[in-house]
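I'd like to ask you about the structure that follows.
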Amino acid sequence: MRQHVNPLSRFFQLPRPLPSPEEMFAQSSRPLHLDIGCARGGFLLSLAPLQPEWNHVGVEIRHPLVLSAERDRQELELDNLRFLFCNVNVSLEEWLDALPRDQLQWVSIQFPDPWFKRRHQKRRVLQPSLLIALATALQPGRELFIQSDVLSVIEPMVMLIEQSNCFERPKNDSHAWQKANPLPVPTERERYVLDQGLQVYRRLYQRNDQQAPELSNLEALWQQVDNPSKEEHSDC
């Protein structure tokens, strides 16, 4: 059972200083994979040993999950993985701005909490300011991967990403939704959904060479995004 927290509550609006790659990793110059909303960390705990040439950072807003994930990481002695507690829409932009050029090479947002209602729009994980920060940190050709089992969760993300004009789908990807996960291990949620015979909606994007838009312009477009597939979740 997924337990939500309100990212707009006062506690989660307090900025948290995040450690730099140099503070987290002995080999800090490795390419960096950022997993936003890593939950208990099972995905990264499985991925990090398979990709020792990468550093992996998982960020999560639920502190008990981060503590649990860090304990597991330490037991496994994974030196190319760290888990951080923060509200990404409060604390991540400054951290991204400080990264060395082209260190961030892959971003994943997988099965984010489903805030359906329009009045909860600002609680969704992918906000315009975060997308612009990611687009600024990612160099052309670097990748952003999103997936969810809820169409009305991923469609607004897709619309926001595509309205930014900063990302394009790979030229050989002509399907509405990507069939296979490009990553070598699934998340816990992904395994559960597929075991139930249900669909997972996926999109892989590559950063293009377009300049990131002004925040006010993207926010204006974002206000038009209102869960096109799930009318039953809209406010009365």
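Glycine too: its Cβ is placed from the backbone N, Cα and C atoms.
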Could you look at Asn80, Asn87 and say which one Swiss-Prot places alongside Asp35, Glu60, Asp113 in the S-adenosyl-L-methionine site?
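Swiss-Prot lists Asp35, Glu60, Asp113 binding S-adenosyl-L-methionine, and from Asn80, Asn87 it also lists Asn87.
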Roughly how many Å separate the Cα of Glu60 (S-adenosyl-L-methionine binding site) from that of Asp149 (substrate binding site), to the nearest whole number?
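Each residue's Cα considered, Glu60 (S-adenosyl-L-methionine binding site) and Asp149 (substrate binding site) end up 19 Å apart.
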When you measure from the Cβ of Asp35 (S-adenosyl-L-methionine binding site), how many other Cβ atoms are you left with inside 10 Å?
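I get 25 for this one.
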How long is the line from the C-alpha of Asp35 (S-adenosyl-L-methionine binding site) to the C-alpha of Asp113 (active site), rounded to the nearest angstrom?
14
When a 10 Å sphere is centred on the Cβ of Asp113 (active site), how many other Cβ atoms does it contain?
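I count 19 other Cβ atoms within 10 Å of it.
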